[in-house]
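Here is the structure we will look at, set down as structure tokens.
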């Protein structure tokens, strides 16, 4: 059977070489005679893996020693409230920008535990743009943003000038392009897009963000716990961390984030060019805020949707169904999606439009 | 290189057939053309896996519909406080029994969030026995126990008659023998011993335990969230759940928990017989509370420890070093440890003692 081209929004495609290396390690890790699935996290087998994963995160993003890198579990959904618990002192407020379902979830969790203001939103246009030009008061503890919005296909092309540290959910575009780390107080993301398989969450925290909340938290919910124990306070998700390390190695070998950014921009252009050239396809995002990770579009004639999906699947293109809140289609073209895969889809889209012209 | 016999306390050995099936699925899941690492958790690929895993848990343990089965992340360490948040109403107390490091951790987390009494402890003898004969008042919300204590090698052979529901950390002996589900209000355990690789946590909760706490909790910390969303409120740890499902299939095919119990008792006997027959080895646990999962012992002559460890490794026996709070050695012989592996260790122990007689 030929390999499927997987456009799933996440968990999503990883590099083929990573699948091969991971498969081998499940049988025999580095010729140790042990499976990656059975090694102790306290063993000499795992410690270099965890260390290398952390170092690759630092090197790729260009993090200074001001930042701690943590591999946790629980997903971005757990970070929605851990950020508030750890970063928002009593009596202070945080600012949130609402760019869709995921930032709304972050907002709802923050409201359970603290006091926040939603200072900008693009809800008025079904989140088809990134709000800009709003005022950010300097007395907020932090500004929370969602860098890429998988459902709507919008993405910050640049982050707002902020007088306060940005706390950013980068689940769906981290490692897709260089960032300026000093603008951020905390970055978090579930692994299952650009980093690795589902089951591990990356947290990058600037040390001076911590120590301002006095409340006694459960030990597992304190960032300090995981910093002091180097992500090993409890048993970490060994295999998801291992596969993330392999994926980060692949990214380094490919040239790092600057090289990745160029590839990602080229890939996105193939699809947006089709959308812009053929009125048959209607892009959801306004052009200036278009995501390089998730290309969302509807058909001008919705009644052809089922036929279009079948036509794509016939060509091996899987996972294109859009999220119910936007409808239509979504091509997720994360780091590991090969250019060839995107080209296949672009051709399929042209062909289908021609057929129905 | 021959396969190592892995006596690690966890993450720990899984069945060889599971390694082979998991390795294949990382390349190509059920001939789908997709890796298990890239499939969407909302896809038709994953839903049957999650469902089968849950059904196997139900069938193997004999759970009625009163119980919900959840696959969460965060490890048993997260359950230490989620149990308190969800099960202990304000103004009520819970009872805890202290049988070592892991129950002490559960106790410490409970004290952060609620009011509890430690009604029994074996701390007075470095946790080398399971407390018995203590009174359990019926006005506690629940009784918290740790069924098997990996560090000390002690295990409940039977659970106390309790007028209140038992909440039990079964991380290290679940699925090793049949249990009586109706005695428990909630059972939890990290997967990385008998169930699967690190990265997923099993929670079994009796529905009538819930709904008694009024406080608004973060969404991810409410059991109801995960029940309503069938463990898919957020992206679940897909691969750890898949491997757990494979391991549960293996257990079912082997004859289920009654068959597993017999094998586990035979395996433990090989080692305890050596310890009882040769004064050279000193078991840590009192005989009546000995664990069938973790056999802990010291050498009468501690100065031979390094030589003993090297002698074991020479024979392929890995992961035997004891925990620092007990010292000496620990052979973890979870479900997947083959009888042949235990026999090798028993022979090595006899041979080493003979050499130094």
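In case you wondered, yes, glycine gets a Cβ from its N, Cα and C as well.
Keep in mind that what you see is a predicted model, and the values were worked out from it rather than measured.
The feature L-glutamate binding site is assigned by TrEMBL to B:42. Secondary structure at residue B:42 (L-glutamate binding site), as computed by DSSP, is coil.
Marked as pyridoxal 5'-phosphate binding site by TrEMBL: B:76, B:77, B:102, B:150, B:169, B:192, B:234, B:235. Counting every protein chain shown, the Cβ of residue B:102 (pyridoxal 5'-phosphate binding site) has 20 other Cβ atoms within 10 Å.
Here TrEMBL flags B:5-345 as domain 'Aminotransferase class V'.
Taken from TrEMBL, the feature N6-(pyridoxal phosphate)lysine covers B:193. Residue B:193 (N6-(pyridoxal phosphate)lysine) has a Cβ environment of 30 other Cβ atoms inside 10 Å.
Here residue B:42 (L-glutamate binding site) is positioned 25 angstrom away from residue B:192 (pyridoxal 5'-phosphate binding site), judged by their C-alpha atoms. The average pLDDT the prediction assigns to the domain 'Aminotransferase class V' (B:5-345) is 97. Those binding-site residues from the list B:42, B:102, B:150, B:234 that have a Cβ under 8 Å from chain A Cβ atoms: B:234. Residues B:76, B:77, B:102, B:150, B:169, B:192, B:234, B:235 are listed as the pyridoxal 5'-phosphate binders, and the farthest two of them sit 31 Å apart at their Cα atoms. Residue B:150 (pyridoxal 5'-phosphate binding site) and residue B:193 (N6-(pyridoxal phosphate)lysine) are 10 Å apart (CA-CA, integer value). Contacts of residue B:77 (pyridoxal 5'-phosphate binding site) defined by a Cβ separation under 8 A and a same-chain sequence distance of 6+ are given as B:105, B:109, in order along the sequence. Proximity of residue B:76 (pyridoxal 5'-phosphate binding site) to non-local residues of its own chain (separation of 6 or more, Cβ distance below 8 Å) is seen for B:102, B:169, B:171, B:188, B:189, B:190, B:201, given in sequence order.
Between the C-alpha atoms of residue B:235 (pyridoxal 5'-phosphate binding site) and residue B:42 (L-glutamate binding site), the distance comes to 9 Å.
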